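Have a look at the structure below, then the notes.
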Amino acid sequence: MEMNSYGETDPLAASVMEREEPAAQGEADSQPMYRIERPVYDEAFIRSQLLHRKKTSTTLRQRQAHWFRCSSKKAKAAAFSFLPILTWLPSYPVKQYLFSDVVSGLSTGVVQLPQGLAYAMLAAVPPVYGLYSSFYPVLLYTFFGTSRHVSVGTFAVISLMIGAIVVREAPDAMFYVPSANGTNGTNATAVLDVEARDLKRVQVAVVLTTLVGIIQFVFGLLRFGFVAIYLTEPLVRGFTTAAAVHVVVSQLKYLLGVKTQRFSGPLTVIYSLKAVGSHITNTNVSTVMLGLACIVFLYVCKDLNERFKKKLPIPIPGEIIVVIATTSLSYGMSLSHDYQMDVVGKIPTGLLPPVTPEFSLLPNLITDSIAVAIVGFSMGISLAKTFALKHGYSVDSNQELIALGLCNFLSSFFQTFAITCSMSRSLVQESTGGKTQIAGLLGSLVVLLVVVAIGFVFQPLPQTALAAIIMVNLLGMFKQFRDIPALWRTSKIELAIWLVAFVASVLLGLDYGLLVAVAFAILTVIYRTQSPKSAILGRVAGTGLYCDVDEYEEATEYEGIKIFHSNSSIYFANSDLYVYTLKEKTGVDPEALQAARDAQKKRTEKANGNRNPSLNMCGKNEQQEVTHEVLSYDIVPEGPSDEAIFLEPSLTAVHSVILDWTPATFIDSVGAKAIKQVIKEYADVDVQVVIAGCSRCLLNELDSLQFFSGVVTPEMVFPTVHDAVLRCRRKSAACS
């Protein structure tokens, strides 16, 4: 094997050898050996000798014909994709799964019933509409959903977002009418027309749900399932924690039994707390006592369920126990009449016929519907992926969008409000042994039984009991405050995202808060690309590895070569910073060198006077050899260092700069122009710049940007840093 004077394999060697030496018996700690000997490759050689693009014989028309061609196989695949139930229902193992699904379905239905009633209060609609929303969407998801364990239906965060929109579009102030007790309209007091208000609010909620369903369905057809990635986990957790704060504040008036206005928009939390505080003297003691008793009981039930979840066959149904007990107590003691305790009120029996939504309300709801659609999908897909990972199956994010879209759109014609997956009910459905969405279907039938047959039984249910159910179900979200110290230790940027999402959502409301949080999360991505970690690399002897010379003592630089590494792509937002950092890290500033060269030339001309001797500073031939022709002078230079400067063949010891583009994934036209300009500037001061570690995708982008023209050629691009180092050292040796 031929070695050059630098101890490296001769780059002109044409043989390639790869050998892996197995570990000897008895030497468990020995490592396999990887050795390779090959010529130094540059991009021009790779394109001409090593890699050749495959020739595609298909035309655009042929590809379109293949895409739109219909066959029985494609029709079957499309049917299975659109109706996932067809993939598992025909082979449903009745003996193994049915009993578990029945138990899980009944347990989930028992939880879904009180939550449907409670979350309707958050959505600012009568409680029975929460029951409708707990039946129709669950039934539809059984056919269109891909997750086996999530429980769809009402959810606190979505219900609260809907309630804020509904109250904004139909505030109480719109429905005050003069009291009939006034005389000829004089001294008449205004009273709230609750029936008209509730009717209008239901119309707003239904139209919003229709639009949310359309958006989700269209996003699913367009394969926009990836939009959920823009709601990062810290953002979602900060946002849902803020939503929990909103929910608890909104339920204080029901827990205390005071009458206050419901607010919407920015600073809702502050206004609501101020309103409750101003009416604190009107607190209904009976309401508070009953509500606190419900909270304590529900908390104990949840704690027991968590501690003994492996021993309990099914979780203790604390919510339904509270509903039954408080309803019985309210009916037996006439709490509404004798103690002025607010109750659920009239619950009509039976299902409503389908009606067309009031589409005239659409223009004011477009922006809100996008926020609700994205948040609902993000909640659903995160839960679905969690359970799929745990139980070893996969979910299709695009089909989940379609499923949620159909659930919302079709159900809205039956007077429902927007739904998504509920964390608490999904945990119940999974922990009680649910295997498929048969469990969800049976849970919806439990709700249907109540709506059709015994809904009137829950009319005396105190609202303070529903407020207690809502508050206790949010304990899991408040535990997310534990994220703050953990994120402080791991990632300050993600902590900032969490805090911005929380503070913005609490102060500005969930809609504007979500917008601010997403914008801030995107800004953090831009910040990371604009402030990447940069380093000068050196070689770790005997390994072929190149590492940061400031961080690792084993890494040493080659003389005259600077290897610049920046952990980002190059585009319009960071191209100037990339060039600035390159000059700063390498210590080679072409402008300063050019200015020094011009100053040196002027001093030389001044020293020479009018003699004009012939001079070659550093003329390079094709082999990059350097020659110097210096004449002797009779005069003595003015400065002691002028002659030394004049005799220097170069103003810098660096002859080559290698740009390590291994981390780069893309480059735009602005970045390409900036790199070409800096290559030209360095070339003007006799410092060559080469590029190493480009991916093939990045090279394709450079070709499309016509990067390889003028001063930049494919011979300046190398597949690895070591290829570039060997070529630069060879050229330096030839020049010297």
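Cβ coordinates come from backbone N, Cα and C, glycine included.
Annotation source TrEMBL lists region 'Disordered' at 1-29, 598-618. Under the heading transmembrane segment, TrEMBL lists 118-143, 150-167, 202-222, 276-300, 312-333, 370-389, 401-418, 438-458, 465-481, 496-527. Marked as domain 'STAS' by TrEMBL: 551-728. The annotation compositional bias 'Basic and acidic residues' is assigned in TrEMBL to 598-608.
Below 8 A, the CB atoms of the transmembrane segment (370-389) and the transmembrane segment (438-458) form no more than two pairs separated by six or more positions in the chain, fewer than 3 in all. Counting residues per DSSP class in helix, strand and coil order gives 11 helix, 0 strand, 0 coil for the compositional bias 'Basic and acidic residues' (598-608). Same-chain neighbours of the transmembrane segment (496-527): 157, 160-161, 164-165, 230-232, 234-239, 241-243, 245-246, 264-270, 367-368, 371, 375, 483-484, 487, 573, counting only residues six or more beyond its ends whose CB sits under 8 Å from a CB of the stretch. Taking Cβ pairs closer than 8 Å, the transmembrane segment (312-333) reaches residues 103, 107, 110-111, 113-115, 117, 290, 294, 297-298, 300-302, 304-305, 339, 341, 343, 428, 431-432, 457-458, 460-462, 465, 468-469 in its own chain, all 6 or more past its ends. Beyond the transmembrane segment (438-458), the same-chain residues lying 6 or more positions past its ends with a Cβ under 8 Å from any Cβ of the stretch are 92, 97-98, 100-102, 104-110, 112-113, 116-117, 127-128, 131-132, 134-135, 138-139, 141-142, 151-152, 323, 327, 344, 347-351, 429. Under the criterion of 3 or more C-beta pairs below 8 Å, with sequence separation of 6 or more, the transmembrane segment (465-481) and the transmembrane segment (276-300) qualify as touching. Tertiary proximity for the transmembrane segment (276-300) is limited to same-chain residues at least six positions away from its ends with a CB under 8 Å from its CB atoms, namely 249, 252-260, 318-319, 321-322, 326, 329, 335, 339-342, 462, 464-465, 467-469, 471-472, 475. Within the chain carrying the transmembrane segment (118-143), a Cβ under 8 angstroms from the stretch's Cβ atoms is held by residues 83-85, 112, 151-156, 159-160, 162-163, 166-167, 198, 201-202, 205, 247, 250-251, 254, 262, 344-345, 347-348, 351-352, 403-404, 406-408, 410-411, 414-417, 419, 437-438, 440-441, 443-444, 447-448, 450-451, 455, 458, 463, 466-467, 469-470, all 6 or more beyond its ends.
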